[in-house]
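*Asks:* Got a structure here, written out as structure tokens. Questions coming.
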Amino acid sequence: MKPSIWRPLLVTALLIFLFDLFYGNFMKQASERGTEITYTRFRDELANNNVKRVSIRGGFLKGEFNAPVSLPPPGDAKAAPTPTTYFTAYIPAIGDSTLMPELNSRRVDVTAVPTDGTGFTNLILYLLPWVLIIGIWWFIMRGMRSQGPGAIMGGFARSGAKSYTSELINVTFSDVAGLEEAKQELREVIDYLKDPKKFQQIGGKVPKGILLVGPPGTGKTLLARAVAGEAGVSFFSISASQFIEMFVGVGASRVRDLFSSARKAVPSIIFIDELDAVGRSRGAGFGGGHDEREQTLNQLLSEMDGFDPHEEVVVMAATNRPDVLDPALLRPGRFDRNVVIERPDWRDREKILKVHTRKIPLSADVDLAVIAKGTPGMTGADLEGLVNEGAIIAARENQTVVGLQHLERAKDKILMGGERHMVISDDEKRITAYHEAGHALVAKLLPSTDPVHKVTILPRGRALGVTQQLPEDDRYHYPRTHLMNRLAVALGGRVAEKAMFNDVSTGAQSDLKMVTELAEKMVCQWGMSERIGAMTFPRGEEHPFLGMKLAEEKTFSEEMAWQIDQEIAGLIRSAEEKAKELIYTNRAKLDALATALLEEETLDGRRVDEVLAAAP
Ligand SMILES: Nc1ncnc2c1ncn2[C@@H]1O[C@H](COP(=O)(O)OP(=O)(O)OP(=O)(O)O)[C@@H](O)[C@H]1O
Ligand SMILES: [Zn+2]
């Protein structure tokens, strides 16, 4: 919710109410315990010896009759008279010099109340609310000025309040399950923060900006906190969406504020969550708030450039959209290091479950490995939720320990309830396993292909699974056979699906795209088609800098265009034949790989070799 003009208004209204209460009360008190009578009436009663005592304060007089007098009740002259003992009256401003002698002679008990003090009290009571009102307005105005012009509407709520948190952390790497590679990469940061001087002497390159990249809930924030905890330094964190307010200037001043606080607390870590909220490419924004975002981003860039090498501040940021970030953020000296955080595989999921069940009593039937294997695609946050949900279900049934069935039900609830989660059904998992096994198998069986580095059925980005091949060394020249084999590998996924399920799925789309593009290049750029020969065509050409396809211009005949299409299709067809032949003659190996994938989710190159060697 945005603080608004309502707040000051509300405060003012409250003050006026208080003022009224005070002032009104005072006036009421003045006439309290007495019916107001005229001065003449008072003198009459006095003359009748009916006044017992009076107290005089300035021109105001309070008193008590000896015998009750019938008078209309206070404030209502027309009502029926009631017997009255106490009265008040005002002495005429011109004074009455005969009053005191008369009171004395009638032996009336007289009390005099000093007017001086009361007058002063009156004044204070009268002025106090106004002083408060003016004071609060001044406070608001000051808040606005210190926060830039943008704060005009919301100054009151924010003045003095910090939008970031700073703390000393007691989270360590032992609280972060798995993520071994990421931890390894961050060790250097910890070494640096622990002893900057020593680190520099050894000659380490000072880490300044580190970008944690990974899907939501995979523990980026947790990891950043653990780095601070391991190094024992202060941790300043903010979510970048908090930088962006409706008003220009607020974000930039918050960035400045954040960095200057962190600089005062060195060594320290600044953590910016959801970096993409401010870090989107400049000029790519739309509509309002765009200038504000750009200003905030510029401020962030200039703060990072402003670090001198001896300032012991490390900036960490998290995003799940590295692709939209402004390239300026990724330049050397800024976020020039990426730490990629992946969805956990089942072994890591088991470790995460262990961390989150540390304080929860589990019944003997719970095997966390089984639950870990049954939750592919879930992140650390999902698993934490699963454990909590399981505990709630158990508590609702008045159980003292959490059992397997509670966790299973929690899992079903989460899987059914959330679009947020990448839910993978068992069928999908099987299709993906065969698809990836197909790629891997063809790659292994064909000579002259890049070695298989890793095969996984864990979702990554939009892909349900990945088969990674890494070239052994940098290559610039690819022979035709190598490219043909590459086409066959790319088609292996689809062919394997067909072999197993006699059907194909949409999962092969990006494979087909890659295949088409590669075949097009082979024919049109590299002259690898016999029928067409050593000619190049402006097709499949890429702009050298932008990586974009150039607009097609036709400098060749219809006839040639048709032939080119035939050739491209021909290359693809023969690659597909190759893949089919390999897969159909090695069905047992395909099954073995797919089974291993379903079991282990991720296979590295060595494991792929083992599985294939063991298969008939
Ligand atoms: N590897 C892990 N080990 C233990 N707990 C984890 C792990 N990953 C995530 N969690 C749990 O999930 C919670 C959410 O994780 P965290 O906020 O760090 O994710 P995130 O990647 O920063 O997500 P977002 O992108 O949504 O900010 C953590 O508080 C933690 O309890
Ligand atoms: Zn594929």
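Note: Cβ is positioned from N, Cα and C throughout, glycine not excepted.
Sequence annotations record features per position, and here TrEMBL assigns active site to GLU436. Taken from TrEMBL, the feature ATP binding site applies to GLY214, PRO215, PRO216, GLY217, THR218, GLY219, LYS220, THR221. Annotation comment: TrEMBL describes HIS435, HIS439, ASP511 as Zn(2+) binding site. The annotation domain 'AAA+ ATPase' is assigned in TrEMBL to 206-345. For 123-140, the entry in TrEMBL reads transmembrane segment.
Help me picture these features in the structure, burial and contacts included.
*Replies:* Within 10 Å of the C-beta of GLU436 (active site) there are 26 other C-beta atoms, taking all protein chains into account.
Taking a C-beta cut-off of under 8 Å and a sequence gap of six or more, GLY219 (ATP binding site) has these contacts in its own chain: VAL176, LEU179, ILE341, THR379, GLY380, ALA381.
In sequence order, VAL455, THR467, VAL489, ALA490, GLY492, GLY493, ALA496 constitute the residues six or more apart from HIS439 (Zn(2+) binding site) in its chain with CB-CB distances below 8 Å.
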*Asks:* Under 6 Å from ligand 2 by C-beta, which of these binding-site residues make it: GLY214, PRO215, GLY219, LYS220, ASP511? Sequence order, please.
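*Replies:* What lies within reach of ligand 2, judged by Cβ under 6 Å, is ASP511.
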*Asks:* Which of these recorded positions (PRO215, HIS435, GLU436, HIS439, ASP511) have a C-beta closer than 6 Å to some atom of ligand 1?
*Replies:* none
*Asks:* In whole Å, note down how far the CA of GLU436 (active site) lies from the CA of ASP511 (Zn(2+) binding site).
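*Replies:* That comes out at 11 Å between the alpha carbons.
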*Asks:* Out of PRO215, GLY217, THR218, LYS220, THR221, which of these binding-site residues is nearest GLU436 (active site) by C-alpha distance?
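*Replies:* Considering only the listed binding-site residues, the nearest one is PRO215.
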*Asks:* In the same chain, which residues outside the set HIS435, HIS439, ASP511 have their CB within 8 A of the centroid of the CB atoms that define the Zn(2+) site?
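*Replies:* Not counting the recorded site residues, we get GLU436, GLY438, GLY465, THR467, ALA490, LEU491, GLY492, GLY493, ARG494, ALA496, GLY507, ALA508.
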*Asks:* Which state, by DSSP, holds PRO216 (ATP binding site): helix, strand or coil?
*Replies:* coil
*Asks:* Can you give me the residues near the recorded ATP site, meaning same chain, not GLY214, PRO215, PRO216, GLY217, THR218, GLY219, LYS220, THR221 themselves, Cβ no more than 8 Å from the center of the site's Cβ atoms?
*Replies:* LEU212, ALA318, ASN320, ILE341, THR379, GLY380, ALA381
*Asks:* Of THR218, THR221, which of the binding-site residues has the most Cβ neighbours inside 10 Å?
*Replies:* THR218
*Asks:* Rounded to an integer, what is the Cα-Cα distance in Å between THR221 (ATP binding site) and HIS435 (Zn(2+) binding site)?
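*Replies:* Spelling it out, the Cα of THR221 (ATP binding site) and the Cα of HIS435 (Zn(2+) binding site) are 34 Å apart.
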